Amino acid sequence: MSIEIHASAKNLNLWYDSNQVLHNISLDIYKREVTAFIGPSGCGKSTFLRCFNRMNDFVSNCKIKGELIIENIDVCSVNTNVVLLRAKVGMVFQKPNPFPKSIYDNVAYGPKLHGLAKNKKKLDEIVEKSLTSVGLWEELSDRLKDNAFELSGGQQQRLCIARAIAVKPTMLLMDEPCSALDPFATSVIENLIQNLKKNFTIIVVTHSMKQARKVSDKVAFFESGKLIEYNTTDEIFKNPQSSKTKRYIVDHL
C-alpha cells in the first residue's frame, strides 16, 4: 500500500456567501488508495470533494481560504490552469451523464481536446484501452457507433469513468457514483473502483457504509462541515475514536 502523499489540504475553509460550509479541513490523500468521505447529508463531504478540481467555481459567491495542494499544484490559486487541473483530476457524478454522442466519441472527446492523440490509430488505442479498463470493450466493441444513451445505467456510468480516465488523470473523484444504479450495477462499479486504484488515486463520496467498508483504504467522517475523524477503514469501522463517528456508522450499517 502506498504511503506517498498525492494531495494535501491544510486549514481549508469554504463559504457560500456568509454561510461557512467547511471549517479548517486538514488531511492528506495518499497515492493509489481509495479514500471514502462519509457523513450525514449537508455535512460538506461533496463540497470538499469538489474543491479538488475546482467545481465549486461554478457556484456563485463561493469563497475559499486555506491550502489544497495536488502534485505541487496550488489548487486554490487564481493562477492555476483549471482546464489542465480537471484533466489531471477526473470526476464521476451521481447520475451517469454521457454526452449525446456515440460511445466512441464520448471516450475520444477528451483526448482530442487535449491533443493526446496524434492520429486516428492512437485515438483508437486510447478508446480501446479506456473501455477495457472499465470492462466495456468486450461488451461494446461492435457497438462503438451507437448512441451512448442506448446503454444501461450501469454501462453509462462505466462509460463516464472511461471518459474520465481517457485523458490520463492521476486522481478520480466519485460523488456517490452508485446512487442511481441497481444492486448488480453497483457491485460492478464497486469492484471496478478496487481495480482502478492500481493506477489511480480515488476519492469516493458515499452514503453506504457497506460500500465505504468494501472499497476504501481510508475513511474520512464529516459532520457540520468539520472533519471529525480520518483513519484507515479498519480502524474507523472497528475502533472509531470519536463517539460521533461510532454513532453515525452504527445508525447507517
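Cβ coordinates come from backbone N, Cα and C, glycine included.
Features of the protein shown, as given by Swiss-Prot:
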- 7-249: domain 'ABC transporter' (DOMAIN)
- Gly39, Pro40, Ser41, Gly42, Cys43, Gly44, Lys45, Ser46: ATP binding site (BINDING)
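Mapped onto this structure are the features recorded in Swiss-Prot.
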residue: Gly39; record: ATP binding site; Cβ contacts under 8 Å, 6 or more apart: Lys45, Phe221, Phe222, Glu223, Ile228, Tyr248
residue: Pro40; record: ATP binding site; Cβ contacts under 8 Å, 6 or more apart: Glu223, Tyr248
residue: Ser41; record: ATP binding site; Cβ contacts under 8 Å, 6 or more apart: His207
residue: Gly42; record: ATP binding site; Cβ contacts under 8 Å, 6 or more apart: none
residue: Cys43; record: ATP binding site; Cβ contacts under 8 Å, 6 or more apart: Phe222, Glu223, Ser224, Gly225
residue: Gly44; record: ATP binding site; Cβ contacts under 8 Å, 6 or more apart: Leu14, Val21, Leu22, Ile25, Phe222, Ser224, Gly225, Lys226
residue: Ser46; record: ATP binding site; Cβ contacts under 8 Å, 6 or more apart: Phe37, Asp175, Glu176, Val205
**Report entry** Additional residues around ATP, ordered along the sequence, whose Cβ is within 8 Å of the centroid of Gly39, Pro40, Ser41, Gly42, Cys43, Gly44, Lys45, Ser46
**Finding:** Thr47, Phe222, Glu223
Query raised in the report: Where does Ser46 (ATP binding site) sit by DSSP, helix, strand or coil?
Result: helix
Query raised in the report: Can you count the other CB atoms that lie within 10 A of the CB of Lys45 (ATP binding site)?
Result: 27
